[in-house]
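S.K.: Structure incoming, see below.
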Amino acid sequence: KICIVGKNYFGTLCFLVMWFADHRICRRGTEKPCYKITSFQDSRLRASFEAARQKCREDDGELLSIETENEQRLVERFVQELRASDGDFWIGLRRSSQYNADCSSQYYWLDYSQATFRNWLVTEPSCGLDQCVALFYRPSSSSGQKEHNMFKWTDYNCNSKNNFICKYSDGRLLLVLMLAVTLRYLIGNKSETSIFISISDDTNIYYILLATLPVMLLLILVVSGVFCFRVMSRRYVMDCKHFYHFLVCYSL
């Protein structure tokens, strides 16, 4: 059963068929991850990769990461229920700007997912100037093309205008991975492909540091607590020794 958060509809599929682009869609109503599909019939209203990413972030989400084949099928189901017109959908997969003849290993998820699932079109990725990725969605295409290409992944020029899909995860692993990226960045290794993910030129280190601030504060509190405990313990021992000497002198 799939429902729209905050809405009460009845039936096996609880979709607002006429238009639900402004609603998050979750399994069983509230089970994360949730998704939000933004689709425009007028292609002039569609967004570039960065503009789409910014829209997702403004809503505390990120462009879609597809981590398993089951999630791929789930997203396909969501889009089909939308009954949108032709128009591909940006997802949160991008290639680093560092050139490599075999570019397939240079793609990374914007939400720091380490999932290795891929669903490329047969001829993709092209390893050319196209660095951003979208779901191919052309329901009006010929049956043969539709059968082989629908919902496959294709690389795009990042300035192209597409529809997009946002994802809202629970974020349990996100902070840990962000901290790892931050530490590696701060010690001077700024290679784009140095660890699990690539750090593109447009990655804003301010947001990474902001996300790791709670962990840093927690570490400071723990260290301070241990230090204070040791100081107090030492003072307690000294006070006991002074008291013992006082008793001895008094008895004499």
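Every residue gets a Cβ built from N, Cα and C, even glycine.
Among the features that TrEMBL reports, domain 'C-type lectin' is placed at 30-167. Summarising the annotation, TrEMBL assigns transmembrane segment to 171-187, 207-229.
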S.K.: Restricting to the domain 'C-type lectin' (30-167), report the mean pLDDT as a whole number.
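M.R.: Average per-residue pLDDT within the domain 'C-type lectin' (30-167): 93.
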S.K.: Could you give me the DSSP helix, strand and coil counts for the domain 'C-type lectin' (30-167)?
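M.R.: Helix, strand and coil residues of the domain 'C-type lectin' (30-167) number 38 helix, 36 strand, 64 coil.
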